[in-house]
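Marked as compositional bias 'Basic and acidic residues' by Swiss-Prot: 297-308. Swiss-Prot lists Cys46-Cys113 with the feature disulfide bond, giving sequence analysis as the kind of evidence. Summarising the annotation, Swiss-Prot assigns domain 'Ig-like V-type' to 28-129. Among the features that Swiss-Prot reports, N-linked glycosylation site is placed at Asn93, with the record citing sequence analysis. The phosphotyrosine annotation in Swiss-Prot covers Tyr303. The annotation region 'Disordered' is assigned in Swiss-Prot to 139-174, 284-318. Residues or ranges marked as topological domain 'Extracellular' in Swiss-Prot (evidence: sequence analysis): 28-185.
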Amino acid sequence: MTQLASAVWLPTLLLLLLLFWLPGCVPLHGPSTMSGSVGESLSVSCRYEEKFKTKDKYWCRVSLKILCKDIVKTSSSEEARSGRVTIRDHPDNLTFTVTYESLTLEDADTYMCAVDISLFDGSLGFDKYFKIELSVVPSEDPVSSPGPTLETPVVSTSLPTKGPALGSNTEGHREHDYSQGLRLPALLSVLALLLFLLVGTSLLAWRMFQKRLVKADRHPELSQNLRQASEQNECQYVNLQLHTWSLREEPVLPSQVEVVEYSTLALPQEELHYSSVAFNSQRQDSHANGDSLHQPQDQKAEYSEIQKPRKGLSDLYL
């Protein structure tokens, strides 16, 4: 379960971090829609955060939904002008104002109020912006004439969705695809890849978990035996050593031989002889226990002859 949770939450966390870095996830503050009449002037106020106080601000026109054509931008000064559009930064109150002069019906479109963010500012170079829908309506002032008037048909004018950029004929105007528009397709590709990895990892982890559950349900006794064997795996083997004795082998007798000596002592007389006899006790023990298979061939006796002692030495023998 721990591996399953980590496999699901890790891609989700990466996705949330990437969404946090998307342009517009920390938007500027301002109106979402503005409306003006033909020939009038229109001002839009955009508020930004204090950390963007020293950054350049710009106003651009959205093209093809993903590109933004730069109209006017504050590069080094707090105020810039391009044709009928003026932008002025107010660092004291953290706002900048965009002013349109002499609105026309072709000015109706979608615009962006944005702050220029460099690549080394910790936001991966994604600019902060928000979109504004600008609509322009015809002027309502009636045209009066002193003579008889003729009824003229009312012509309904529809607002165009696209139009030329303002101030395109002025010197120094830059009309190009802004860098944030170029980054957006790559960003969408990364998002799609992360979503694919998230779904694939989740399905794989869930499938592995289901397989384990199915195996445990089909063979409950096998899983129980395996658990018992794993718990008792240290006592499964015993080393046994057997010692055998050959039937042909005779028991080992003591290496030392006990010798019993018999001696007879008597008072010294003439022509007396003394003898001592020694028998092997090893042979007697083997006869008593029945372990010997053969009778001894002969018995050896040792004799010692003692002559009559000299006179005066008889007391020594006694």
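Cβ coordinates are placed from backbone N, Cα and C, and glycine is handled just like the others.
Not measured: the values here are computed from a predicted model.
Taking CA atoms as the reference points, Cys46 (disulfide bond) and the residue listed as 'N-linked glycosylation site' are 11 Å apart. Between the alpha carbons (Cα) of Asn93 (N-linked glycosylation site) and Cys113 (disulfide bond) lies a span of roughly 17 Å. For the domain 'Ig-like V-type' (28-129), residue counts in helix, strand and coil come to 6 helix, 51 strand, 45 coil, using DSSP. With all protein chains in the displayed structure included, the most crowded Cβ environment within 10 Å among the disulfide-bonded residues Cys46, Cys113 is that of Cys113. The Cβ of the residue listed as 'N-linked glycosylation site' has 8 other Cβ atoms within 10 Å, all protein chains considered.
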